[in-house]
C-alpha cells in the first residue's frame, strides 16, 4: 500500500503532463541562470571543511575529557565528538555563498565553558594555516555560537552536550532522531539539537525529496527577492518556508517542482489562518523534556500566533511567532502577486524569470519611512549592539501596527552597515543622529566591510498634502535638517590624530498611512522603543553606543539602498496654479502697500 504523507489525504495524485514536464525543465534552467547552484569545486570544499571540523571536534572532546577526568585514561582514549549540519546545507538546497549551519555534539561531561575555552584555539591550531578568519565566539547568545570563516565559507557552529550519554556511539550512521536524546537538556540545548532533527524529519516527510529541493530553491529565491525572508524581523525564516513547501508536496505527491511552486501560492494565499501548517500530528504527552510543545488550547501566547507554521520534530514549536499584522499583510500581498504570475507561467504566457523580479520597497513602495540607527564607537561594540537592535526592530513595528494613523508598517529584511570618519564630538553627534556627511566610501581599501557607497541621508519629518507631522523634535528628540549634502571637504584625512571612526547600522521601516490621516506623532512609540533597548544593561554602553530613530521621505533615501538600474524617487515639484481672469481683476495689494509706504 502506498504511503500517505501529512495530516490529510492528498488533493491530487495525478501524474505530470508533458506541458508540466516542460515547465519543470524551464524552471530548473531559470534557477541555474539565476545562480542558485554552486559549482562542484565549492561543494567539495564544503565536504573537506566538514572533515576538518570532525577531527577538531574529536580533539576538543579528548581535551575536555582530560581536563575534567585526568585520572581516567579509558574515558580520554574513547572520547569523541560528532559534527552535524542543519538548514540549507543538510537539505541539499545551498547555493554560492551560503553559510553552513553546524552543530558539535559531545558527551555529558563536556560543558559550554569548555567549548568556548578550547574550541576556538583548536580551530586556529588544527585547521590549515590561514584557513580560519573572522573568528567570533558569542557565548552570551540564547543558543551559544561560534561564528567564523573557514576557507571563505561562513560557519555558524553551535554546541550541545548529550546529558543521557557518557560516551558518543562510534557508529558512522548514528543520528539524533531518538527523542530520548533530549532528556535533561535545557531549552536552548533542545533548540540546538532540533535544528538537525527538524531538517531530517522534513526530508523524511516529503514524497519526492528531489521535487521538494527544486521547489524550495524557487520559493526561497522568490521570498528573498521580495524581501520577506527574515525570521528575526518578523517574516518567515528558512525553516518556515521549508515546511510550507513540504506541505504542498504532501498534497500533490506526484507533481513536478513547477506544479508545486504554482500550487504553493494558491494554497498558502487561501490558507485559513490561524489553522497551523503541520507535516505530521503533534506529539503530546511525552515526558523526555520540560520544553513546552506548541498548544494553543493551553498556552495563551500560542493562541496569539497569526500564521502558525509548526516544526515536525518533538517538541513541536511555532517557527513564525514573530509574524505580526503588517508582515502578514505583506506576505499575503506577495502571495497574491505570485499566484497571478505563476498562473500565466503555467499557461506558457510568461517566463519563470518574471517570478523572481526584485522588490520595490525603496523605489515605489512607500512615501514615508522610519530609519532605526544603531551606532557605536568601536567595531566590536557595534557587532553586539547592531545584532541586538536588529532583534528588537519587530517590537517597534508592533507598536506602529497599533497606531491609529498607520495602515501598514513594513520593515526591510536587512540592515545597512556603514562606517564614518570624523574629528570632533559635534560630528560624532551628527553621525549618531543620521548624517552621512562623513561616510567612508565602500571602495576605500582601508574599509573592506563597508557594504555600499552612500552620498546623503536627510533627516526629515513626514509631511505632505494629506499628512501633517506634529513636530516634537522629530518625534525622538532629534530635530530634522533641511540639507544633508555630503561635505567632502569636512572629511578628515585618514591617520590624523583626532580621527574617530563611527560604525552605524540602519534598518528601514516603510509606512503606509490610513486614508484621511491628518497627522502622525510617533514620539510615544519611538521613545518607548528606545527606552526598551537602552535599558538592557548587559548590552547597552552609553559611552560607546547610541540609538536614534528618524523620519525619511522616499526622495531623501540614501543611494546605497538602490540597486543597479533602479531609479531613486524624486522630490515632487509643486505646480503653480495658472492665472485666471479673476486673479487679474484683483488689486495688487502688495504693490499698493509698497507704494503707500514709499509715499
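Numbering starts at 1 and runs along the chain as it is shown here.
Every residue, even glycine, has its Cβ placed from backbone N, Cα and C.
On a predicted model such as this, the values are computed, not experimentally measured, just so you know.
Lifted from TrEMBL, the feature list:
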REGION    1-21  region 'Disordered'
DOMAIN    6-206  domain 'Poly(A) polymerase nucleotidyltransferase'
BINDING   99, 101, 156  Mg(2+) 2 binding site
DOMAIN    211-358  domain 'Poly(A) polymerase central'
DOMAIN    360-571  domain 'Poly(A) polymerase RNA-binding'
REGION    557-599  region 'Disordered'
COMPBIAS  579-591  compositional bias 'Basic and acidic residues'
Spatial neighbours of residue 99 (Mg(2+) 2 binding site) that are distant in sequence (at least 6 apart) but have CB under 8 A: 153, 154, 155, 156
Chain-internal residues near residue 101 (Mg(2+) 2 binding site), provided their CB is under 8 angstroms and they sit 6+ positions away: 85, 86, 87, 88, 89, 90, 156, 158, 195
Whole-number mean of pLDDT values that fall within the domain 'Poly(A) polymerase nucleotidyltransferase' (6-206): 95
